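Heads up: the structure comes next, in structure tokens.
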Amino acid sequence: MQARRLMMSNTMNYMKAATACIDLVALQHNLQLIKQQAPHSKLMAVVKANGYGHGLRHVAKHAVGADAFGVARIEEALQLRACGVVKPILLLEGFYSSGDLPVLVTNNIQTVVHCEEQLRDLENAELETPVVVWLKIDSGMHRLGVRPEQYQAFVERLHQCPNVAKPLRYMSHFGCADEMNNEMTPKQIELFLSLTRGCKGERSLAASAGLLAWQESQLEWVRPGIIMYGVSPFGDKTASELGYKPVMTLKSHLIAVRDVKAGESVGYGATWISERDTKVGVIAIGYGDGYPRTAPNGTPVLVNGRKVPIAGRVSMDMLTVDLGPDATDHVGDEAILWGADLPAEDVAQHIGTIAYELVTKLTSRVEMSYSE
């Protein structure tokens, strides 16, 4: 017993290599700002993919301004119910098989219906109580949803189905809402509104980019996702420029500071060769933690509040940065990979990806730290 206590004591205070610091006050600020910008809509907070990498349970618990939650998978919905969430939950991809339907009934989970197979499963099921259904319309993205020419037949069958709670609800999804000059979005809005005009059920069209850029798409419900976490859906503006606060700050620290001479290379493949005598910092984070291996030389990192470029290929557990010849940084000093002072959007742009991918790909090696 004494040995066990000693072992636990020795591991309680060790320094984690990488930590994602989640600012729950920033989350609540962002939700309030969404409500101000879509004052006539109810808010369905999208918390799929572990709350966009921020922690499903913590996000749901502190998203007090949300009227409902949207998830992609049934297991995400069940996690929410297990941690005490009683607000409505919608399966945005719908159920995958007829065997899922009793689980939806038991746990009061709403579902999207987007295809003939789901409709047939609903018609053939024997359920204790009806399920709230959102009919997904393919208004132009051509990923999920019933085509406009199928719409009326689906509506009639869903209205006749005793397993469907009335009134039926309606939704669609934009393909290019983040591109202000793209003609596709106005066409999608026009088509969706024309199909659902006069319907009794509630409707939802706008996700993050839609609710921010296309006010006419703010219907009875909006579905904020990435913007809720303080990350912009737009390629030309950060969330901070839109008034939102980044919720996640990804941190690590220097584990070595090394002198590198002009002409010497650093890292696997010798992809970076120093042009001058300099100091290189080694940071304890890599692709094993979810930081992209594809990050090229020059990708910015903050060390002691100053931007420095990645120098050399990202490895599994480490990455290296050029601190400069006059650097005074030391082992143990803080490094920020993205956060309030280094937007994830900027980092993603250097890497050639989107910030959505950065925040959702962190692995279990990264410590999650929450402040409220």
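Backbone N, Cα and C atoms are what each Cβ position is placed from, and that goes for glycine too.
Taken verbatim from Swiss-Prot:
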- LYS48: active site, proton acceptor (ACT_SITE)
- TYR268: active site, proton acceptor (ACT_SITE)
- ARG143, MET316: substrate binding site (BINDING)
- LYS48: N6-(pyridoxal phosphate)lysine (MOD_RES)
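Cα of LYS48 (active site, proton acceptor) to Cα of TYR268 (active site, proton acceptor): a distance of 35 Å. The two recorded residues, TYR268 (active site, proton acceptor) and MET316 (substrate binding site), have Cα atoms 11 Å apart. For the recorded positions LYS48, ARG143, the ranking by surrounding Cβ atoms (within 10 Å, all protein chains) places LYS48 first. There are 12 other CB atoms within 10 A of the CB of TYR268 (active site, proton acceptor), with all protein chains counted.
Secondary structure from DSSP puts MET316 (substrate binding site) in coil. According to its DSSP assignment, TYR268 (active site, proton acceptor) is helical.
Residues within less than 8 Å, Cβ to Cβ, of MET316 (substrate binding site) and separated from it by at least 6 positions along the same chain comprise GLY286, TYR287, GLY288.
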